[in-house]
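All remarks here apply to the structure that follows.
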Amino acid sequence: MNKNYEDTCLNSDGSFKLAFKDLKYCIKSKVPFINKETKTILKSISGEFRGNELTAIIGLSGSGKSSLLDCLSGFRQNNISGTITYNDNIISTRSIKEVSSYFMQEQMLHIYLTVKELMNFAVNVKCRQKLNKEEKKLKIEGILQKLNISDQRDTFIQDLSGGERKRFQIAIELVDDPKILFLDEPTTNLDIVASTQCIQFLKDITKEGRTIIFTIHQPCASMLHLFDHIYALNNGNCIYQGSSENLLTFFEEIGLPCPSTYNPTDFLMEIANNDYGDHSHLLIEKIQNGSNLNYRKENEQNFTADIFKRPSDFKEFSASYFHQVYYLMYRLFLTSIRNKSLILMRLIVHIFFGFATGTVYQFVGNNASMIRDNYNFLLIVITAVLYTSYHSHYVTFPLEFPIVKREHFNGWYSSNAYYSSLMIFDAPIVLVCVTICITISYLMTDQPLEINRYLILLGFCLITSYVAQALAIVLTSLLNVQFSLLFGTYFLMPFFVFSTFAVFSRDTHPILQNIFELNFYNMAVKGAVNSVLGFNRTKLPCDEIYCHFTDPKKFLKYYECEADMMYIFYLLLTYFVICQTAAFFLIGYRLKYKHT
């Protein structure tokens, strides 16, 4: 078993050096009504990381550790200056991205999948090697054994311990044999023992020909001997670069010897924090903001490895588009049948709403004295299917997006495949829920038992649901989680304001009347009302002394519901195409460019 695993490992013969010079990273933040502020996170730092080494980037909170990792891995590409070289040749961060994987600090996983299921998914969509079923099984087993989690292969992710989950998060990024692993705080929330074990696993991985570059807040003394290289940051400047063994020499040369009972890295952080006076400038000057390599471990390396050489059949994503969609839908299926709350809740809400509206508006469908109530019923039906479809995505999509962002960045699947799988998987759920709701309420409210009227009403409800679904994704793609949840409900308010249920368009300014005609919600309500009361429906029976609207045509005219049904259909179809297309491109844009 181990032999088969070793066969998948990288060749450790030959090495390389990944260097950066005068690397500067700034962020721009807008101060409302005043001006734009620019904050420099990395201040023209330099450094050199070598192949087959375990490199620890250390520093106090806010020192720029994660930002450096983001810049080197290609996760951040804007507002960056300086050069990044590979064996003294300038390369782009995109080239690094193609041969690396990035372990993010807040790395979320699908907790309703087992270790084996998620590993299978990763191998199927991510592995560039053409492996048969048995070879995939051997590869997965080898990686799990190496990281000491093979006994947990049938355990759900949510049941793993903190240390096991961290190791598993590393395991899923090893399936495509990345040459470089970037890890942001892999020991977060782990105790000292689990943290040391995690670092030991990373050290073992470097012996197989991989390069590990990771951030850590403040390593304990028992970890130091595992580090091949330390890169220390403080306030965006490099204050040390070299081996842990040379730290003591470094302190002596700047006139601040480390006490024998101290952890050298703790002492370095205390100096950076000005606990012994303002000496941080001495560290920066001595190490030349990262340009001084004299404190590196002395070892002979032949920098000849060409890890960036592309094979002739190189593809950005290993699996084809259709395979990506297939495996993504299968994962959605597994998570949905185990986490029944979302789909089950949607179904229960639609069933409850069907019976509730059917009970409240019972027998309004064939009575002229209650025609206004019938209008209200149809209005509420359209509003309800819009809200349920809209809320089901604008609440859940932002929560899942961090997982999608990481997996897409690491080359698991394309944004096209993700969006396609999401829409295809959700379409029948919407179809079933809306059909059940409309069928129950339609029958209970004594609407005309004509199949064409029922199908037209159902069609308008379905297309309204799909438009709302796309609108939710458009909103959440434009805004972050907090703002999308805050403004999600208000986003629909303009559609309600410019509709005849709020005010007749004839009572508004002529300029505003065009908005009513272009409002998809208003048109959907008109379509629903016409499906029941239009198409030359005969006069309604009246059980009162006088009913003003026994003729449905008279009601449609007064309530501005007369409309060309083909116009309504094509308008809603246009909304559907535009919103779905916008959602499609916005997801792609946010995954590719907007890492927030």
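Yeah, the Cβs are placed from backbone N, Cα and C, and that goes for glycine too.
Look at TrEMBL and you will find 18-260 tagged as domain 'ABC transporter'. The transmembrane segment annotation in TrEMBL covers 343-364, 376-397, 417-443, 455-479, 485-504, 567-589.
Counted over residue pairs separated by six or more positions, the transmembrane segment (417-443) shares fewer than 3 Cβ pairs under 8 angstroms with the transmembrane segment (485-504), which leaves the two as not touching. Taking the domain 'ABC transporter' (18-260) as a whole, pLDDT averages 87 in the prediction. For the transmembrane segment (376-397), the residues of the chain that approach it from at least six positions outside its boundaries are 342, 346, 349-350, 353, 357, 361, 364-365, 426, 430, 433-434, 437-438, 441, 445, 457, 460-462, 464-469, 471-473, 475-476, 484-485, 488, 492, 501, 521, 524-525, 528-529, 532, judged by C-beta separation under 8 angstroms.
Between the transmembrane segment (455-479) and the listed ranges 343-364, 485-504, 567-589, the one holding the most Cβ pairs under 8 Å is 567-589.
Here the transmembrane segment (485-504) has long-range neighbours at 379, 386-387, 390-391, 394-395, 398, 471-472, 475-476, 479, 512, 515-516, 519-522, 525-526, 559-561, meaning same-chain residues at least 6 beyond its ends whose C-beta is under 8 angstroms from one of its own.
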